[in-house]
Every structure is written in structure tokens, then in C-alpha cells.
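Reviewing the structure listed below.
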Amino acid sequence: MTKEDEKVIPVRVVMRCRPLVSKEINEGCQCCLTFVPGEPQVIVGNDKAFTYDYVFDPTTEQEEVFNTAVSPLLSGLFRGYNATVLAYGQTGSGKTFSMGGTYTSEQENESTVGVIPRVIRRIFQEKSKCADCEFLLAVSYLEIYNEEILDLLCTSKDKPIISIREDPKDGIKIVGLTEKEVFTAHEMVGCLELGNSARTVGSTAMNAASSRSHAIFTISLEQRRKGDKSDVMVSKLHLVDLAGSERQKKTKAEGDRLKEGISINRGLLSLGNVISALGDESKKGSFVPYRDSKLTRLLQDSLGGNSHTLMIACVSPADSNIEETINTLRYADRARKIKNKPILNVDPRAVEMKRLRQQVRSLFGVLGLLGAFQITMEQTNEKLQSKLEELRQHAAMKSQRVQLMRQMKEDSEKFRLWKQKKDKEVLQLKEKDRKRQYEMLKLERDFQKQASVLRRKTEEAAAANKRLKDALQKRSEVAEKRKEVQNRGAEGVSSRIKNWLLNEVEVLVSTEEARRHLQDLLEDRKMLAEEISQLRQQMEAGERPVAKVRRRTLTISELEGQGELEASISKQVESLETEMGLRSAQIADLQQKVLDADNDGRIKQRWDSITTIVEAKSALKILMAEVVASKVANAKLESELKQEKANLLDMQKILCDERKLMSSMDMEHQSQLVEMEQRHQEKEEEIEKLRKLNDQNQKLMDENEQYKQCACRGRCVNKLCRCRKGKMTCGENCLCDHEKCRNMENRSNVVSRICSFKEPGVVCLPCGWPIPDVISSEIGDIGHLPADLKLEKKPVPADNESDSDDSEVMNSTSSFLRSKKRGLNNFKNSFFSGCTPIREEH
Ligand code: ADP
Ligand code: MG
């Protein structure tokens with residue numbers, strides 16, 4: 001055995017913090033970790049520092065993690081040492097990401113490739129460098145799911161039963177597990193991919209693709225020097241991706257997920273116990289509970305055994321995960337104290353042989369160099385070959401150009417259709433936008449409401465904070481006092497225990513209260529962040545062309561102007577951001593207090609105060625009294641609550657009745673309103689009708705007025721006379737020759753019959769009727785007319801020279817004349833019935 005073999009090597013611990021993921025950013029989470037530049041140290045909150053072998057902050061790339069922490073293990077592996085890489089941490093903290101547990105060969109050249117694919121690549125690189133060795137590589141891949149070992153490389157349906165055996169020489173062995181021999185990196189990656197695809201993955205609230213099992217990918221490396229069968233080394237590398245430690249409350253797991261969670265936690269708890277037992281100096285040599293779970297049995301060699309072990313403790317930087325982060329960091333801190341004793345897995349006789357051969361090998365060093373040169377040449381050759389292949393492909397991509405043109409045409413047609421579809425979608429989106437406007441207004445209202453609730457919660461949290469602070473202060477005072485009282489002897493036992501116990505209870509209660517408020521604050525902040533992002537989205541949407549629709553909507557609903565609205569949104573965002581900042585500060589403050597109250601040493605020392613049976617009895621008595629008092633208070637509160645609930649139900653019933661009454665009144669009011677509206681409408685219709693009639697009337701009057709002013713300068717005997725056309729007699733205003741006009745009513749009357757009674761102003765005796773002044777003057781005039789004055793026969797409508805179009809006019813004219821004639825006849829029988837008719841001349 002060499003000196004190196006006797007060395008005790010502690011488990012190396014790497015802390016890796018991933019960046020904030022988008023979910024955490026959206027919830028407004030802040031980073032609660034500080035990294036000390038140049039030091040492998042991380043500080044949680046204000047002052048809780050942890051130091052590890054390496055600390056990787058969120059900006060660290062996968063390559064750096066591999067080169068710094070994992071690569072040294074691989075050199076050990078080739079020297080014959082077992083090695084283990086173990087990823088530990090809360091669900092969603094980046095274990096699978098770090099280990100490469102979702103790797104597929106398409107990701108080969110990506111920088112995000114994790115540990116396992118990099119290990120495979122490195123092993124084959126190293127292997128190719130050792131020309132004088134024969135290598136035998138085999139892999140196995142298993143997962144522990146619900147305390148059952150599943151073979152991830154076994155594809156057959158009838159899977160053999162897998163059991164764990166412990167061999168005093170070879171250590172832990174897994175019987176029935178597929179161990180696949182591989183010759184190339186490609187084959188090994190194939191195994192990894194096969195196993196990864198078979199892993200049990202489920203979705204939880206913390207991680208959309210959470211690994212629900214512990215997975216162990218094992219690479220066995222057997223090295224045999226060429227030509228010497230006795231020089232054999234077999235070393236194993238376990239790459240372990242543990243399932244996440246999780247709090248059911250946070251992952252919101254139910255059913256199978258919850259069952260998985262419980263068994264995951266059981267495995268991790270036993271791992272924690274093993275780590276504690278191994279890491280605690282005071283428990284050195286005591287029993288280590290490896291057999292508590294399958295996980296710890298399989299990792300027996302890696303923890304406190306024959307292996308170089310690296311633990312990658314993965315954490316999230318979000319302050320919402322601070323408790324889980326602290327737990328992981330404490331776990332990792334304990335793991336650092338584990339001391340392993342890795343031994344070289346070779347036959348001791350072979351060691352001496354190896355040493356001698358080493359000398360021979362150094363002589364052939366030059367040969368090795370030549371070998372390396374050859375490898376470089378081969379690599380260059382490979383590169384050239386690939387370039388040649390590329391060029392060939394290039395020539396083939398040209399012939400496709402014509403095809404591409406055709407393709408482009410088809411594509412443009414497709415694009416047109418696509419555009420049509422999209423236009424339709426845009427319309428729908430606009431419609432949605434309109435609805436969103438309404439929702440936004442609603443949100444604004446809700447915002448005011450929430451603000452007051454948040455204010456209340458903040459006050460409560462501040463009160464809890466103060467209470468915890470007071471309790472902590474008191475605790476330190478009590479600790480001081482205790483020291484004093486201890487010195488005073490047994491008489492102070494009861495009061496000392498009482499003081500201490502009550503204070504301890506107060507601290508625990510305040511801590512739990514503070515935790516509850518902390519949870520509330522985290523929820524609040526998440527809600528605020530969601531609101532901010534919603535408002536921002538709305539603001540952004542407002543800048544797009546849909547703004548037009550929005551503006552219109554706002555006008556319709558008579559809302560504020562768009563500018564005003566946006567200003568109000570940005571004001572809201574501002575105030576929400578301030579609120580969020582306030583929450584973050586409160587969260588940080590409360591978390592620090594909880595950390596202080598809950599520190600590791602405190603929990604351990606809690607029961608150190610009770611050292612005798614008397615103290616224990618006294619403590620029990622006090623606790624009993626406290627329990628009884630709090631139960632009584634609880635019962636009282638419960639009965640009060642019941643009473644209040646009953647009151648609430650009554651009030652709700654009353655409210656319901658009032659609402660019903662209101663709605664019936666409202667309906668009645670509505671029906672009345674409808675009726676009145678109907679009546680109003682009817683009235684309006686009537687008014688409208690009257691207005692129309694009035695208009696018609698007015699029109700007729702206007703027309704009438706026009707006809708009154710006939711413009712013919714003749715005798716108004718034919719259709720050219722407007723008055724005759726309109727079946728009217730000419731009047732004083734007409735421009736016709738009144739003397740000659742045949743359409744003057746008075747004239748026609750006068751000219752048709754002349755009273756023999758020539759004296760104007762006197763009563764016509766034969767008629768016994770007074771002659772009106774006008775007529776008498778006319779008569780007077782007529783009396784001076786020559787005796788050839790005749791009663792002309794009105795022209796018969798045989799006015800054939802007129803157009804057929806005018807026939808209607810003529811008809812009306814003739815009827816007018818007929819009526820005139822009839823009038824004259826009547827006249828003859830009445831007013832001038834005694835008058836002598838003048839003989840008509842032809
Ligand atoms: P776990 O296996 O611990 O449950 P995952 O490895 O599945 O968590 O990681 C959860 C999420 O965080 C994944 O989306 C992953 O891509 C992302 N992530 C984890 N670590 C990092 C990192 N270092 N850089 C970027 N993203 C990361
Ligand atoms: Mg995982």
C-alpha cells in the first residue's frame with residue numbers, strides 16, 4: 001500500500017447556485033445569497049456564512065464546474081480510485097441540469113451540457129491517450145423510486161428482481177442489474193440517453209420536470225496493461241442525481257406525487273443521518289445507519305468508504321427558498337466533515353510490477369510523444385475529411401436551388417393564406433383587447449381594495465417581527481439569569497425551568513408566526529409582481545396599432561382619455577413597485593430574525609437545560625398547565641367563532657332578502673320605464689305625422705301663391721295660363737290683362753250676366769238683392785260698354801292642338817269650366833235672376 005492510499009480524504013463539497021429562473025423573476029423574488037469574491041464562501045441573509053471547497057455563483061458555466069471540481073476525480077479514476085459525484089439540493093435547484101440528466105446527443109456541442117456527458121467525453125479522451133493499456137468499460141444506470149431499485153438500461157418487460165449484497169472484499173454489489181459493456185463514447189452516451197428517457201419525472205409547482213427518483217449512473221473502468229494479465233485495476237465512478245428535497249406545502253404535490261415526495265424525503269433523511277453520523281466527531285466510531293434506506297446502502301462506499309467523493313450542493317438564490325437553501329447548505333456543511341479512505345483497487349503484488357513498468361514506460365516517453373503527434377495528425381485528417389464532406393454537400397445544396405424557387409412560390413401562396421388567417425386573428429385580438437380594457441378598469445378598482453388588505457397584512461407582519469424580536473431579547477436575558485439562578489441552588493429549579501420553558505415556547509410560537517407571515521409576504525409579493533407584469537403587458541399592448549380600437553372603446557364607454565389611462569397605469573405600476581420593494585425589505589428582515597431564532601446550535605442545546613428528573617418533572621408540569629390553558633382558550637375561541645359564524649349566516653340571509661326586494665323593485669321600475677318610453681314614442685310619431693301634414697300644407701300654400709301670380713299677358717284662355725292650369729281663377733295680382741282676361745272670376749260673372757238695373761249702390765229690384773260695390777261699379781262700367789258685349793261660351797276642351805301630355809290639364813280645365821258654367825246657372829237663378837241676358841254674337 002502506498003502512502004497515498006492510507007490518506008484520509010474528506011468529502012469535497014461544491015456549492016452551486018443557479019440563476020433566478022423566470023418563474024422566480026415573475027414573482028418578484030430577490031437574491032438572498034452574497035458571494036465573496038475570490039473566496040469559496042457564501043453568505044445567506046446578512047451574516048450567515050458558509051465555506052466549502054468551491055463555491056460557484058449563478059454566472060458559472062458548466063465547463064468551469066466540470067474542470068474545477070469533477071476533472072480531478074477522473075484522474076483518480078484512471079489511477080484506480082473509486083469516485084462519486086453526488087448532486088444534492090431542493091427540487092428545481094439545478095441538480096439534473098448540473099449532472100446532465102436530460103442529455104440527448106443533439107446537445108453535444110452546447111455549453112449547457114452537464115457533468116455526465118463531459119465525463120464520458122473525457123474518459124474516452126484519456127483512454128485514447130493510454131496506448132499501452134487495454135480498457136474494459138461498462139455502464140449501469142438505476143433509479144431508486146419509492147424505495148425500489150429500477151434498472152434503467154433493461155428494456156425487456158420481464159425485469160429481473162434487483163437486490164443489494166454486501167461483499168466483505170468487493171463492498172456493495174447490486175445483483176440483477178444490467179451492466180452494459182461499451183466500446184465507444186457514442187455507445188456510452190446511448191446508454192445515458194436510454195436511461196434518461198426511462199427516468200420517472202413528474203411535474204410539481206416547483207419544477208415542471210422534477211425528477212421523482214434518485215438516479216445513479218455507474219461507469220466501471222477496468223484497466224489491464226497490455227501483455228500482463230496480472231496488472232488489473234477496476235475502479236468505479238458513480239454519478240448520482242438525487243431527487244429534490246422538498247416541502248409538500250411548496251411543491252403542492254398530491255396523490256402519487258405526494259407518496260413519491262414522502263419516500264424521496266425518507267431516502268434523503270437517512271442520507272442526512274448517515275452524513276451526520278459520519279461527520280460528527282463526537283460520534284466517531286459509532287453506528288452508521290447505512291441500512292435505513294436503499295439510497296444509503298448503495299452510497300455506502302461513497303460516504304465514509306472507499307471513494308473520492310464530491311457533493312454538488314445545488315441551491316436557488318431566490319429569497320422565497322431561503323429555508324430550503326439554508327437546509328441544503330447545512331447538509332453540505334456536515335458532509336464536508338466526512339472522511340473517506342479511498343484505496344487503490346489493485347492487487348498489491350501488481351503495484352511493485354507497476355512501478356517497474358513505470359520506469360520502462362518513461363523510457364518509452366518519446367514513443368508516447370510520437371503517439372500523441374500521430375493522434376494530432378489523425379485529428380487534422382478527420383477535420384479535412386469533414387471539410388471535404390461539407391464542400392460536397394454545398395454542391396448538392398445548388399441543384400436544389402430550382403426546387404427552392406418552386407418551393408418559394410408555394411410558400412408565398414401559403415403565406416397569403418396564413419396572412420388571411422392572421423388578419424382574422426388580429427380582428428379577434430382587437431375584440432379581446434376591448435374586453436381587456438374593461439377588465440383593466442375592474443383591476444384598477446380591485447387594486448384599491450387589495451392595497452388596503454396588503455396594508456393590514458404588513459402591519460400584522462411588523463407586529464410579528466416585533467414580537468419575535470422581544471422574545472429573542474427576553475431569551476438572551478433569561479439565559480443570563482439562568483446562569484445566576486443556577487448558582488443559587490435547587491430552590492430556584494422550578495422558577496428557572498418555568499422561565500426558560502415559557503420563553504422557549506414564546507420563541508417557538510413567535511418563530512412559527514413569523515414564518516406564517518413570511519409566507520404571506522412572499523405570496524403578496526408574488527401577487528404584486530404578477531399585477532405589475534399584467535399592467536406592463538397592457539401598457540405595451542396599448543402602444544400597438546390596436547390602440548385605435550381601444551380608444552374607440554373608451555369613447556363608447558365614456559371612460560377617461562387614453563393618455564390619462566396610461567398615466568394612471570404607470571402610476572399604479574410605480575406604487576406597486578414601491579409596495580414590492582417594501583415587501584422585499586420586510587421579507588429579508590423577517591428571514592434574518594427567523595434564522596437567528598432557529599440557528600443550529602440553539603436547536604441542539606434546547607434540551608441541555610434539563611439535566612435531572614426533578615427538572616424534567618417540573619418542565620412537564622409547566623407544559624401541562626400551558627397545554628390545558630391554551631386548550632381552554634382555544635375552546636372558548638372556537639365557541640365564539642361558531643357564534644360569529646351563525647351571526648354571519650343570519651346577516652347573509654337578511655342581505656339576500658334585501659337584495660331580492662331590491663331586484664323586484666328594480667324590475668317594476670324598469671317595466672314602468674319601458675311603458676313610458678313606449679307612450680313617449682307614440683306621441684313623437686303623432687307629432688311627426690302632424691309635422692309632415694304641416695309641411696305638405698305649407699307646400700301647397702306656396703304652390704298656391706305661385707299660381708296666384710299668373711304671368712300670361714293675354715286672356716288666360718288656354719293652358720299657358722298658370723291659374724287655369726291650377727284650376728283657379730285669376731286675381732288682382734295676376735299680370736294678365738284684366739280687361740281681356742277670361743279667367744277673372746268677377747269679370748266672368750259680370751260679363752256673363754248684366755243686370756238691367758244700372759244704378760250702382762242700389763238694390764236690384766227684380767232680384768231684391770243689394771249689388772256689391774265692386775260689382776255695381778263693374779256693372780256701371782259695363783253699362784257704358786257697347787251693346788255688342790256678349791256672354792261667351794267657354795271654349796270646349798276640344799283643344800286638339802295641345803299635346804296629349806296636357807290632356808290631364810285640359811280635362812281639369814274643362815271640368816273647371818263646367819263648374820263655372822254651373823255656377824253661372826246658379827247665379828242666374830239667384831242673384832241676377834231678373835237680369836236680361838245679352839244676346840251672344842257668333
Ligand atoms: P432539479 O433537478 O434540482 O429539480 P433542474 O436541474 O431540473 O432541477 O433545474 C430546474 C430548472 O432550472 C431547469 O429549467 C434548469 O434548466 C434551470 N437551471 C438549473 N441550473 C441552472 C444553471 N446553472 N443555469 C441556468 N439554468 C439552470
Ligand atoms: Mg432533477
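Heads up, the Cβ atoms here are built off N, Cα and C, so glycines get one too.
Taken from TrEMBL, the feature ATP binding site covers G89, Q90, T91, G92, S93, G94, K95, T96. As annotated by TrEMBL, coiled coil applies to 374-401, 454-538, 634-710. Sequence annotations record features per position, and here TrEMBL assigns domain 'Kinesin motor' to 10-338. Under the heading region 'Disordered', TrEMBL lists 793-816.
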Q) What count of other C-beta atoms do you get within 10 angstroms of the C-beta of K95 (ATP binding site), across all chains shown? A) 29
Q) Should T96 (ATP binding site) be counted as helix, strand, or coil on the basis of DSSP? A) helix
Q | Those binding-site residues in Q90, G94, T96 whose CB falls under 6 A of ligand 2, listed in sequence order | A | T96
Q | Average pLDDT across the coiled coil (454-538), rounded to a whole number | A | 81
Q | Listed binding-site residues with Cβ under 6 Å from ligand 1, out of Q90, T91, S93, G94, T96 | A | T91, S93, G94, T96
**Q.** Three-class DSSP secondary structure - Q90 (ATP binding site)
**A.** strand
Q) Counting across all protein chains shown, how many other Cβ atoms sit within 10 Å of the Cβ of G94 (ATP binding site)? A) 22
